[in-house]
Amino acid sequence: MHDIKSIRDNPQAFDAAFTRRGLAPIADSLIKLDETRRIAIIASEQAQARRNAASKEIGEAKKAKDNARAEALMAEVTELKTTMPALDEAVKAADAALKKALSEIPNLPLAEVPQGADEHGNVVRSHFGAPRSYAFTPKPHYELGEALGQMDFEAAAKMSGARFVVLKKGLARLERAIGQFFLDVHTGEHGYTEVNPPLLVKDDAMFGTAQLPKFSNDQFRVDTEEIQIKSAYEEFEKAKNAILNYVEEAGIKSAREEKLEVLGFAYEPNPDRRWLIPTAEVSLTNLVRESILDEKELPMRLTALTPCFRAEAGAAGRDTRGMIRQHQFTKVELVSITTPEQSKDEHERMLACAEEVLRRLGLHYRVMTLCTGDMGFASQKTYDIEVWMPGQGEGGAYREISSCSVCGDFQARRMDARSRGPDGKPRFVHTLNGSGTAVGRALIAVIENYQQEDGSIAVPDALLPYMGGLKVIANS
């Protein structure tokens, strides 16, 4: 969320940064919404002040035995009592309109972020290692896994539908080993505190990290009541004329008013609604919501290994085979809470932590600095780590395995997460998040990079302590 005061103070600078994302200038419209809100607040405050003054004057008029004035003042107070609720509602409506507008626009890119329209504008920052050489044509992970009898997409589809997988035997253990290895390095060597967070969160938590309201269609929602409301609204649309006629005939209220009420009810935020987390970033970052931290405690570094759930609404037709794009996957998340002065250095540190676990697995990768047109909604700057997968496409391909982003105070404002420095004044913290890394994609990378000509998978040295003596995953 952006600070409307900063936008009002320097709209040109805001629009200059905002339009770098390929979006139209928006500062003027935001300022107009803010002006409407401020006018509504002034009108409400003036009415309240006049009511207080008139109430005091009534006593003075009665004391002076000026009954005519007292009665006139009482009539004025009565009228103010009647009009003030509408003024208060106007304030709420104007405030909600501004908040909605601010909540739906992305963060501003830092000045050093490269300009670009999409992924083609991303810039290679560095490489590690080189692609492995094979005396045979490398196969994709799903062919290897199915041939081993340890990766079952058909069974998963029967119980859950498309974009799910059942892992068995050595591959199931290998995935568990990868996640455990990542956690051990991040907690034992990189200074992160392990957290076991909830997988179900409320609207406010998803709003805080900016998954809501803009990306609701990409999430899995768990709310029977909401589903019933949506279904009822769809039925309402199908039989709209009959229902509106019934409402008018029943005399409940005008058809137009009733329709608006139904629309509002169907989409009103529900405090009882829950969402499956798309990433542990949501749970970890929200640990500091509505709090004031001592800056001596910062940076705060948190990590979690959790299942993640994504609807992949915009991924139709992409990566339909294999484990690359699943509705459910496992990921180790890294989150840092810092001061504004620390956040840039912390971003570099987080990237190094994510790189380290891939280096120890002996995986070739490259680091990309994302351009303005490819960054996430809440990000000021993002590094992507793309690991080499020799079984992808024709001759192999780089695939994203980690994104490390600095968000500035964008999420902190949505969560009201602040810190108190030496001067004692609260200020918004900065938040960072990154994958450390995606366990499912790391599994794919290990399978494809460590495949052998007979279809077996050699276990990387770093994972041997977690595999119970299993050095090669073969068809048993």
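Cβ coordinates come from backbone N, Cα and C, glycine included.
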To which of Glu333, Glu386, Glu394 does Swiss-Prot also attribute binding of L-serine at the site defined by Thr279, Ala280, Glu281, Ser435? Glu333
Just to be sure I understand: of Ala280, Glu281, Ser435, which binding-site residues have a C-alpha no more than 10 angstroms from the C-alpha of Ile401 (ATP binding site)? Ser435
To test your reading of the L-serine site: which residues beyond Thr279, Ala280, Glu281, Glu333, Ser435, same chain only, put their Cβ within 8 Å of the Cβ centroid of those residues? Val282, Leu284, Ala304, Thr306, Cys308, Lys331, Val332, Leu334, Val335, Asn433, Gly434
About how far apart, in whole Å, are the alpha carbons (Cα) of Ser403 (ATP binding site) and Ser435 (L-serine binding site)? 6
DSSP three-state assignment (helix, strand or coil) for Glu333 (L-serine binding site): strand
Nearest to Glu312 (ATP binding site) in three-dimensional space, by Cα, is which of the binding-site residues Thr279, Glu281, Ser435? Thr279
Between Ser402 (ATP binding site) and Glu333 (L-serine binding site), what C-alpha distance do you get in Å? 9
